[in-house]
Amino acid sequence: MTPRVRIAPSPTGNLHIGTARTALFNFLFARKEGGVFIVRIEDTDKERNKPEYEKNIIDGFNWLGIKYDEFYRQSERIDSHKKWLKKLIDENKAYLSKEEEGGNRDEVIRFRNPNRDISFEDTVRGQVSFNTEELGDFVIARSMDEPLYHFAVVVDDFEMNINHVIRGEDHISNTPRQILIQEAIGAPRPKYSHIPLILAKDRSKMSKRHGAVSINEFKDRGFLPEAMVNYLALLGWHPDDDREIFSMKELVEVFDLSRIQKGGAIFDENKLLWVNKEHIKRMPEEERKKIIIEKIIQSEKSKDREWGSGEDLAGKIEPLISERISKWSEVDELMASGDLDYFFEKPVYGASVLNYKGEQEKSDIIRHLNTVGAILQEQDEKELSAEKVKGFIWSYAEKEGRGAVLWPFRVALSGKDKSPDPFVLAQILGKKETSERIKEAVRKIDAETGRK
Ligand code: GLU
């Protein structure tokens, strides 16, 4: 039997990570088994539905690469719901009931509950049994034109030949009601897989107060869709080995419904960041470079830079940034943090930072800086790669003490007690800027009073 599965989101909010994860599991299962994946927008709650939420949900699926084979809107299926409601009433399996509510008399349609015990097999949770007596004759429609969720979902699943329902565990207690309705309309029972909820670190249900919960928020914060898909797949599922990084294609190959876990899946933002970093590393290099360089060029720092071409400089510092970030927005954060300002403007610092461990003689610092400056002065501009700079200076540094030579050299270039090594800095700044900064450092030390 070809699996036919669906995600049935209500457009009452932006695409939630829980819905995205459920959609992904349905999609992976359908692709793996050669089945059909359907999106059905459950838009019967007229008060809470909004077209922009439907758009947000569909945009989210597209961004993630969750492609559907068929698309429906529940609101466009009202004639079917009506037909089945009428049939149930005709067969005395449902009835109109007058209700008094807040002084208003209203007519609703209630299901005649046969009050049976209902058991069903859930592929995740095993045998599940419910006593349906306490449900009473539950309401299935507010009027002939207003079917409620339980009724519409059963009619739609039946008419769309859905044979496997994969959905969040919060729906497990809805299942007996839906099975009673299925039996009343003569629909076959689908298979069920109720997947564990996504929980926050404190094991409470993931909600806005824990931070981002909508897919578009993760997109805006600079996560890659490939990483989101990868991480969502690991929320409640894992493969039979310890692999953790997958492309969508690889997930389709290894996904197996029987490996869905029972316990809640804890959302761990640090893990997501790690997964994202791994996907950034796996991107084609040119693509990654392009994105980061563009962000550097767009930054205020780059626009206000004191020399050179913004593009050229961005290309040079891209590798430094690339190894430090886990998501794109961190490029902007790094640029705004001030940590890399010395690439764009002269560093501002006090002379004492130049002194290695605060133990150097003024004359030694000056001697080392002058020597390094003189060595570099002899080199051809085009030759200034980090390895070459290191090659030129290394034997001198070994002789005089690495810290004693390289510390002031590095601080002269960055003005900071922490920064990349001086060889990389010299390569990026180029010969002219490097030698100017060394001279400036010498001036600073010279001007320092009260020391030898
Ligand atoms: N519209 C329901 C929801 O958004 C669908 C539940 C189901 O999959 O049956 O939760």
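Keep in mind that glycine also has a Cβ here, set from the backbone N, Cα and C atoms.
According to TrEMBL, the feature domain 'Glutamyl/glutaminyl-tRNA synthetase class Ib catalytic' maps to 4-99, 103-274. As annotated by TrEMBL, motif ''HIGH' region' applies to 9-19. According to TrEMBL, the motif ''KMSKS' region' annotation covers 205-209. According to TrEMBL, the feature ATP binding site maps to Lys208. Under the heading domain 'Aminoacyl-tRNA synthetase class I anticodon-binding', TrEMBL lists 316-441.
For the motif ''KMSKS' region' (205-209), the model's average pLDDT works out to 82.
Through the fold, the motif ''HIGH' region' (9-19) approaches residues 39, 41-43, 45, 48-51, 53-54, 56-57, 59-61, 168, 197-198, 206, 213-218, 232, 267 of its own chain, all at least 6 residues removed from its boundaries and within a Cβ separation under 8 Å. Helix, strand and coil counts under DSSP for the motif ''HIGH' region' (9-19) come to 3 helix, 1 strand, 7 coil. Its Cβ taken as reference, Lys208 (ATP binding site) is surrounded by 11 other Cβ atoms within 10 Å in the chains shown. Sorting the domain 'Glutamyl/glutaminyl-tRNA synthetase class Ib catalytic' (4-99) by DSSP state (H, G, I as helix; E, B as strand; all else coil) yields 48 helix, 21 strand, 27 coil. Counted with DSSP, the domain 'Aminoacyl-tRNA synthetase class I anticodon-binding' (316-441) comes out as 93 helix, 0 strand, 33 coil.
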